[in-house]
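**Q** Following this message is one structure expressed as structure tokens.
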């Protein structure tokens, strides 16, 4: 079979496309269909060829040099698309051109492709990577790279093996298709006829498939929005070209489905029956043991009644001696009871879940009649990594995160990774290129030896025996080689800042010399020379289009063009094994060496446009990925979170692909952290929330979205409702009403726009999503590909098996140019991005708001806890940094409370207990007001000599004992069903008081200022520390950073200590000591101080050193106690030489 361009047959199913009817002329295919021939023009369009054109061998015009197959596949007519068939030369050239070009564009500027033969200064070997080494073009005066295939081997369009680059090859086509080497016509090979029964269903690409005309941006609004799949005869579903009503299936199919109890659904019960196999679920919901959860619920009810009786008793028995103290305490206790209810009620139904990866593999990656070659039928996945400042977020951390993603255990051809650099820094760009280069060694090594974790920095830092469980004889040799390569990689990364600076200084000096030379030649005055801009230069000797080290117009952090670079081009559809070469240090001959697609993106920023911080960057990633790869699912990470479990993605996919998966909007993984001090002084692990609260929400409508480590359904992010929605009506929203589509017939057809959103009409589509035809064409494709298999009658709106086994279309320049357009600063103007579509704007906690909107539309979410932690990240262990982090979260909660995202205003699609949990999110910061007052009440009691009750009678003590016992019992039971440690629970309680009296209080003040005075709130990016190998990883724990957030807890601690000393001295020297009230007030003061213990340790700095503050406190306390002693009981001796009554008497 020829590797050059050739003719391919284009078959059209009946009624689809021109000339497809039975009367159409021309030869017939094996299925009795008309056969047409087509050529692909230089503009990307497909033009039909007549029989006369085909017979004109050797006389084709330049446009006739590239042919491709365009077969509308159906179960009757399915193309042969195996990876052994080579792509056309021109297509390979376009792929190479895309991967070697840096695309820029944006506001009032044309999109440009800058061809880069050199991306980084180090050599590049992997054929998928931009700037990969290879032969040079043999044309005179041309220094371009010769065209290459997926192995990096030269592509020779002529038998004379003349090396030629893409541009020269296109020029040769225009000059009569004559090879510049042998001066003969390029020979056009013939492809064998395709097997019509390959068993694969073809899907158009994200930009409209083979219709390249859609890839050009439609500025005139000519796109037909009524055709974008949301129509009765769309592209997918039962009853169209991809799933015919008749033909190869029995006419009694619907009767069979009815007997099974199915009601159809766009490829669900109404489609063809799958192979008759016993249905195997991919997931299981495991309820908590009754012996644990039943007592837990009982104790909640008991404590509710105890609190009710206690508060009633307190209100009916005021302390008349100190009404002011009694009033303050009553108000605080009422709020605490209300807050406790909001926190505990959503915890009544925690669940566990499990997945079956073996069943997932059996369903989606095992050969079957619908998938004879065993290609992966799993949906695509786009992974997002966001970073903003390489100075605060070390590029080495970001690079190792990228490497862990590229090595994840998921079909390579279905995976794509996008890096959003909101700072537009060349340092981040070159670090990503270095990571792509190192992935050539790291990813095959991980696959060959089943490495965990797949972050190289973490893997080589793990203590223990690295050979445990390894059976291959060459593991030790391979590991030693990769370790050396990684050390060299780290050195290159660490040297990038200096390398970029030296390079830029050298080029800027050259430009200065050129300017001086020009001035001398023109005779101008050198003293009046114009100032040359100090640019930042790329490795190929051109200006970096992003942010420069010395800010300049169009090259600043808030003012630069959009940048897009395909670091690793999309892989070939079939496995590509390494070559057995003695020169290679590592043998990858039995390892698939393909790498997932990797894209660097920096969205355009201009003055006058609100960039909306991280939410805006995420929305730009959503649009960019939709145009380029359009994975129906998206996984987002912060740059400091990496994949710790290579199987985690598959476990999440089990939930999406199982029964009921079509109603799941996202899968949230728990956040786990490394580098936390062993005692977890400031509750950084937050296990009570991630293992307790989130697991409990999983038993309701689902966990909240918490910012990172979350896999989304793309269609849900677009603001659509789920296919089946439950409304909760009646008293306390307890009555569940399930609503489906209005028209029962729609379950056997492609879904319409009004099925998902009754308000969405064709003319409103651009207003909602923006004026990008390829983007809008990608939406229905993503919806279809995200459906679970229609292998069970309960699966509504499923898809047939084998529908996703075809390779994705290759990237071409118009597609990448459109991706640059959708990340421009003006694209979101007058659209619903950030309001209804994508990540929601207007809050510093955009993650919680985005998840809330999805739940409010009726979507569900799932909490996926894996045996091995799925993802690991870093967290600030310094006290001040931790408080600032909590301040940002709490400020976002206050914003939510005063916005239309308040759970009070939620729709009926939100469950009652889920509504309460979201209500608690907006209310919890206000607890800080009452907590601050309550922490001062013990001190005020000790100073005044009164207590919150008139006397410590038996009733008060019984209530206090009962509430304490129920609180401890609930804590123990919660520890048992959530799997956390009792120490973690206590640390959480301590930090609740610390943050409640500092960060939460400031958040309330800031939120009120924003709502009432319109004062905007700005937060600085939390710095991620990158410790050296020999540095103490806990060094930051002992650093004392002064902040105003520290003032309230310090004041509370000092006041309570002084109050205890004051009351103790007064009681001892009192004529009538009242020890009961002192013990009552002293007990609560000690309780407050016990909660502040981690805070005090944080102020004392490093262990083993006595900081100055200790001496200051000691001196202050000594002076205070001495003065109180003298003031209360002056040393006045009586005639017997004894002290006054009530004091000590020495012998």
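Note: Cβ is positioned from N, Cα and C throughout, glycine not excepted.
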**Q** Among the residue ranges 292-312, 355-375, 376-396, 397-417, I'd like the one that Swiss-Prot describes as transmembrane segment.
**A** 292-312
**Q** According to Swiss-Prot, transmembrane segment applies to one of these ranges: 1001-1021, 1022-1042. Which one is it?
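**A** Matching range for transmembrane segment: 1001-1021.
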**Q** Cβ under 8 Å, sequence separation of at least 6 from the ends of the transmembrane segment (954-974): give me the contacting residues as numbers and ranges.
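**A** Contacts of the transmembrane segment (954-974) (Cβ under 8 Å, skipping residues fewer than 6 from its ends): 292, 295-296, 299-300, 302-303, 306-307, 309-310, 313, 344, 347, 688, 692, 980, 982, 985.
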**Q** Ranking 292-312, 929-949, 1045-1065, 1075-1095 by the number of C-beta pairs under 8 Å to the transmembrane segment (322-342), which range is first?
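**A** Between the candidates 292-312, 929-949, 1045-1065, 1075-1095, the best contact partner of the transmembrane segment (322-342) is 929-949.
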**Q** If we skip the immediate neighbours and take only residues 6+ beyond the ends of the transmembrane segment (1075-1095), which ones have a Cβ under 8 Å from one of its Cβ atoms?
**A** 681-682, 879, 935, 937-939, 941-942, 945-947, 951-952, 987, 989-994, 1049, 1052-1053, 1056-1057, 1059-1060, 1063-1064, 1067
**Q** Taking only the Cα atoms, work out how far residue 847 (active site) lies from residue 422 (active site), in Å, as a whole number.
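**A** Residue 422 (active site) has its Cα 18 Å from the Cα of residue 847 (active site).
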**Q** For residue 422 (active site), what is the secondary structure state per DSSP, taken as helix, strand or coil?
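**A** The residue in question, residue 422 (active site), is coil (DSSP, three-state).
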**Q** Count the Cβ atoms, other than its own, that fall within 10 Å of the Cβ of residue 847 (active site), considering every protein chain shown.
**A** 24
